[in-house]
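Q: Positions annotated as domain 'Tripartite ATP-independent periplasmic transporters DctQ component' by TrEMBL: 19-147. The transmembrane segment feature in TrEMBL is assigned to 43-61, 82-103, 130-154.
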C-alpha cells in the first residue's frame, strides 16, 4: 500500500471508529438518560458515503473488489484475459457513471441550496462535495487501470492476468503472511 493510500485508509478508519463511538454513545444516552445527540445518524450516513467512495479506489488498486471466479479459473488464459479486460471496463464504466450522477446531485443541491431534513439542517453541498471528490478519484483510478489493462491486452496478456485477474489462493496466503510479519515487526 502506498503512503498516500495508507494515510487515507487510516483517516477513514479513524472516521469509522469515531462513528462507532458516536453511535454507542447515542444508544447508551437514549437507553439510560432518555437523551439524543441529534444528528449522529446523519453524520454517520455522510461518513459511510465518503469513506466508501474513497475506499472504492483503494479496493480497485488492491484488487479487493469481489469477483466471481467460476469462469476465470476454468478457461484458458486467452479467454481469461478478455474477461479480466471486460471486468476493468465494467468497473471503469460504473465509476464514471457514479461520478457523473454524483456530480449531478451535487449541482442540484448547490442550485437549490438544499439542506438536510434533520435538526442539523446541513447544507448538502458540504458532505456531497467530499463524496463526489471520492467518486471522481475512483473514476480516475479505474480509468487508469482500464487503460493499463487495455495496453497489456495488446502487449502481454499473461501480465494482464497477473495484474487484473482474481487473486489466487497463493496470493491471498502470501498477503496474510506479509501482514502478520508486518504487524509482528511493529
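Using the three backbone atoms N, Cα and C, a Cβ is placed for every residue, glycine included.
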Q: With DSSP as the reference, give the number of residues of the domain 'Tripartite ATP-independent periplasmic transporters DctQ component' (19-147) in helix, strand and coil.
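A: Secondary-structure composition of the domain 'Tripartite ATP-independent periplasmic transporters DctQ component' (19-147): 95 helix, 2 strand, 32 coil.
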Q: Compute the average pLDDT of the predicted model within the domain 'Tripartite ATP-independent periplasmic transporters DctQ component' (19-147).
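A: Per the prediction, mean pLDDT sits at 94 for the domain 'Tripartite ATP-independent periplasmic transporters DctQ component' (19-147).
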